[in-house]
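**Q** Have a look at this one.
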Amino acid sequence: MFCFFEERFLRANDRAFNLTFNYADNSIKTSKYNILTFLPLNLFEQLQRLANVYFCFLFVLQLIPQVSSLSWFTTAVPLTLVLGITAVKDAADDINRHKNDKQVNNREVDVVKKEKWKNVKVGDIIRLENNEFVTADLLLLSSSEPLNLVYVETAELDGETNLKVRQALTVTGELGDNFEALTAFNGEVRCEPPNNRLDKFKGTLTFNGQSYALDNDKVLLRGCTIRNTEWCYGLVIFGGADTKLMQNSGKSIFKRTSIDHLMNVLVLCIFGFLASMCTVMAIGNAIWEAREGSSFLVFLPYEPGATAQLSSFLSFWSYVIVLNTVVPISLYVSVEIIRLGNSFFIDWDRKMYYPKSDTPAQARTTTLNEELGQIKYIFSDKTGTLTQNIMTFNKCSINGRNYGELFDFSGQRVEITDKSERVDFSWNKLADPKFVFHDHSLVETVRGGSPEAQEFFRLLALCHTVMPEEKNPGDLYYQAQSPDEGALVTAARNFGFVFLSRTPETITVVEMGQHITYELIAVLDFNNVRKRMSVVVRNPEGKTCLYCKGADTIIYERLHPSCKKLMEVTTQHLNEYAGDGLRTLVLAYKELDKEYLEDWRGRHHEASIAMDGREEMLDQLYEEIEKDLMLLGASAVEDKLQDGVPQTIEQLAKADIKIWVLTGDKQETAENIGYSCNMLREEMKDIFIVAGNTTEEVRQELERKMCPDAPDKPVLNKSRAGLLWLQTTQNVPDDKVDGEYGLIINGHSLAYALEKDLRLELLRTACMCQTVICCRVTPLQKAQVVQLIKKYKQAVTLAIGDGANDVSMIKAAHIGVGISGQEGMQAVLSSDFSFAQFRYLQRLLLVHGRWSYLRMCKFLQYFFYKNFTFTFVHFWYAFFCGFSAQLCLDTHYWTAVNQFFLWGSLAAYFAISFTMYSNGMFLIFTSAFPFIGTARNSLNQPNVWLTILLTILLCILPVVAVRFIFKQLWPTINDKVRESKLKALPAPVPRRPPPRRISTRRSGYAFSHSQGYGDLVTSKWVLLKRKSRPPLFTKNTDSPLAQNQPQFYRTITEENEEAQSP
């Protein structure tokens, strides 16, 4: 029984009762905002950029008349545009997430009547049909298949595309498809609370006064797909956010690059520098007022209550405004434009385009490009990411003889290529035409009547859980729980032992043209502890055999002593197969006595229906019968890697990037892929396997002395970092080791290793290893491993995967990459970058990542240099204007500088582009400049120039229109003075008493120009429209000159008019 506070209690077909517990409904939510929270949350995220906070503060200062000489909208309008552009982009992304949620929540399912998924409640009984997605976490009640079996595909949960079997209880299976019986069903379920364990479920069903044990085999999880099952019924146990799929989905986080953090620190330092300059100016003003200010009191007296001290204080804030160009508001917008351009380079890269599926690379976010050049750790899924998930039967060892290799007349081994002669299987009408094998001697041995060879393939045709499907007459298709099982059954099919059909009690096989039906007595299924599978069958003659296949170490322990010599030869063959990176299984059989079998069957039935200790009792029976086996041989299957995977991993390793493989596959599968990818090598000093079942066992296996000088406990260094150094960081330093090591850890042990007491030991041991492979891990464990590295290594991480089980890992890493492969688009939709093949990761990191980082660094250097230079001019001018906060450079100068950089950059860009794509450069550097005349030909097109003209007009017209409207409706004093000046000559200066002294409490900026329009200097109207320019000028070029982005802001100049002194 479960503790009351930790269990879930529900009753079938009783919504009123279940609603009293306030269980989650079946709707899901992956979006970040809603109508009410969008504005505050988005502003909060944007104000994490310190410059935005600074400009908000500057805006407040400009609202104070005694300090500012500029109108408040000169900062408010550009700041609003900057925040608005980012908000619109974030809103568009979140709207897409809302659409996806709405699409899923509005799917329909049968709950007595048609209901939308979001309206399904805990306790409802729903009907599912073939190829439909499972709506929620369900208790399977009944199905159309014999023995109430249901076949499900779990690709979205664990990444495996193979089928798995679920079976309903017999007592609920009797409900069948009877609508009245199903609606009258009132069983009560007590089970564990919502959790993220995909492989565990505990509960009890109470029905008609009897209690029945529930385990993971009785449950259908949300995210699975029904296969090969006409219909089935299930009772909703968990819905929506409580389902195991959603429990394993990580939360969306606001990802920021190291450049963003660095810019925050730089901006903070610049703030300090700005405050220092303003302090110097304020002190200078106080000194000047005390020594020289009295000379001006005659015609510029103080206002009532004003003093030199107050004037100095106000001049400090005036200089904050005057010198604000040291951190211009266009900084972050310019950075975003450069990032947008870098994203275009990724989207346009033909070397990352996969023609077979017509899939280009895609930068799904524009804010993380330069972070690609700083990756230290890569966390990769295996199935579908490193591999194609396609298995082929390559070699085998039968009765001590090796098959699958080719030799010439001299006995020398010949390499097998695509041109090598294939075995002709035309004699077998049921052979798979796609199967390829090159060793003719194996066919001759089988057809020659070798009993060992025929028993070998008979075992492969019988010992499995594959489901056959005949799509067309004579066209067999196998649905296998694992791809290697499908490959082995297909091999047996081609060599004359065709698995044709099965029922819960029989297996029908075509053996060398003869139909034979075997009675299926028992299936001893595979699991992580047994590492083997057996079937007990009886042929039509009454002969009973046990056929077994499994890992070599497990099978060898159960062989008959007479097999010792054959075992030694087979072991040599297995070592050769392992050296080639093939997945191996050892095959054995045993003839059973009829009397012993009947006794064993009785005990097996009793154990299978036991309520307590069922698994332990069955394990004992399996151990008893799987003894004194006779060895047949071994099989070798190749899991084909994607093209270029070993080379990509090798290049990334040379860049000092560590790759960890996090997979839901079996340990043997992951280990073999490690060897195939050259991540695990025979020359490694040692490969550690952590498979402990308790905390203490895992601790002992992790405490490896790879470094004799290392301390007994991991060292944890603490330091200060972040903005204002308020953040405490923890770092576990790397220990130096001699030689290369590998680490393999399974999911059960990883759960203990990720606990608080062991996580640092896991981190230290893993980081001392060259290769780390985590197998049988859940999606949440993948995210936890990523977070462990982020927290204690302070390194930039990247996660790459292709299935829904990789989503949490992709969200947890600094950068997520989705592979658009065979497992849907869930990983792609949650990723920051996507492409079709793992090998493209090399170009993404080592080319685009590095170039984006260099471009950004060069831009920031230039940008801060330019603005510091301009600001220092005003700083030094203060010593000549009495520290009155006046500008020495008028707007004409600053406009000219901006125009020079704008048009000069464009002119230089076109000049260099024409030069790079000229005939001369092509003749000198043919391989480096193959696109001869590209720029010239594109600019010869009239539509290109029309687009340029329209873009310029769209950029200029809004600014001119706003300027005209403001001038007509709200003219400034300068506008009125200029208008009156045009009508009449200026009058002579009248003699009158001196006016009140304004001094430096107000900046002289307002009176040194015709109109000090800061909003025009920092206007973002042009910047908004100019986003369409990069495609025009960089459409057909990969030139590195594209990093020289012009300044995307402009000013509209007007006649400069000095203020007339009375």
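Even glycines carry a Cβ here, placed using N, Cα and C.
TrEMBL annotations: computationally assigned, not manually curated.
I grabbed these lines from TrEMBL:
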- Asp381: active site, 4-aspartylphosphate intermediate (ACT_SITE)
- Asp381, Thr383, Asp802, Asp806: Mg(2+) binding site (BINDING)
- Asp381, Lys382, Thr383, Glu485, Phe526, Lys549, Arg583, Thr663, Gly664, Asp665, Arg776, Lys782, Asn805, Asp806: ATP binding site (BINDING)
- 11-75: domain 'P-type ATPase N-terminal' (DOMAIN)
- 828-886: domain 'P-type ATPase C-terminal' (DOMAIN)
- 265-288: transmembrane segment (TRANSMEM)
- 308-333: transmembrane segment (TRANSMEM)
- 863-887: transmembrane segment (TRANSMEM)
- 907-932: transmembrane segment (TRANSMEM)
- 944-966: transmembrane segment (TRANSMEM)
**Q** Taking the transmembrane segment (265-288) as the first stretch and the transmembrane segment (863-887) as the second, find out whether 3 or more Cβ pairs fall under 8 Å, excluding pairs closer than 6 in sequence.
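**A** Since 3 or more Cβ pairs under 8 Å link them, the transmembrane segment (265-288) and the transmembrane segment (863-887) do come into contact.
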**Q** Whole-number Å distance between the CA of Asp381 (active site, 4-aspartylphosphate intermediate) and the CA of Arg583 (ATP binding site)?
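**A** The Cα atom of Asp381 (active site, 4-aspartylphosphate intermediate) is 18 Å away from the Cα atom of Arg583 (ATP binding site).
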**Q** Just to be sure I understand the packing, how many Cβ atoms besides its own are within 10 Å of the Cβ of Asp381 (active site, 4-aspartylphosphate intermediate)?
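**A** There are 30 such Cβ atoms around Asp381 (active site, 4-aspartylphosphate intermediate).
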**Q** Ranking the binding-site residues Asp802, Asp806 by other Cβ atoms within 10 Å, which is at the bottom?
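**A** Relative to the other binding-site residues in Asp802, Asp806, Asp802 has the fewest Cβ atoms within 10 Å.
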**Q** At the level of the C-alpha atoms, what whole-angstrom distance separates Asp806 (Mg(2+) binding site) and Phe526 (ATP binding site)?
**A** 25
**Q** I'd like the per-state residue tally for the domain 'P-type ATPase N-terminal' (11-75) from DSSP, helix first, then strand, then coil.
**A** 30 helix, 1 strand, 34 coil
**Q** I'd like the Cβ neighbour count for Asn805 (ATP binding site), meaning other Cβ atoms within 10 Å of its Cβ, all protein chains included.
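**A** So the Cβ neighbour count for Asn805 (ATP binding site) comes to 33.
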**Q** Rank the binding-site residues Phe526, Arg583, Gly664, Arg776 by the number of other Cβ atoms within 10 Å of each Cβ, and give the residue at the low end.
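**A** Taking Phe526, Arg583, Gly664, Arg776 as the binding-site residues, the minimal 10 Å Cβ count falls on Phe526.
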**Q** Nearest of the binding-site residues to Asp802 (Mg(2+) binding site) by CA-CA distance, picking from Phe526, Arg583, Gly664, Arg776?
**A** Gly664
